[in-house]
Amino acid sequence: MPHRYQEDEQQKRNDKGQRNENQKRSRNLIGDMLPINDLYRDSERPES
């Protein structure tokens, strides 16, 4: 039954696309957190 096979292929492509989106999103989250870490480190540093 080729129809069922086509659906599976489509689903695989959708899953792959979703995974890529999630990876992009988590990378953005990490990137957004880096400046906060820098600010936090600066505030922890004793002023000379």
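Using the three backbone atoms N, Cα and C, a Cβ is placed for every residue, glycine included.
Pulled from TrEMBL:
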- 1-24: compositional bias 'Basic and acidic residues' (COMPBIAS)
- 1-48: region 'Disordered' (REGION)
- 39-48: compositional bias 'Basic and acidic residues' (COMPBIAS)
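Same-chain residues lying 6+ beyond the ends of the compositional bias 'Basic and acidic residues' (1-24) with a Cβ under 8 Å from its Cβ atoms: none.
In the compositional bias 'Basic and acidic residues' (1-24), the DSSP tally of helix, strand and coil residues is 23 helix, 0 strand, 1 coil.
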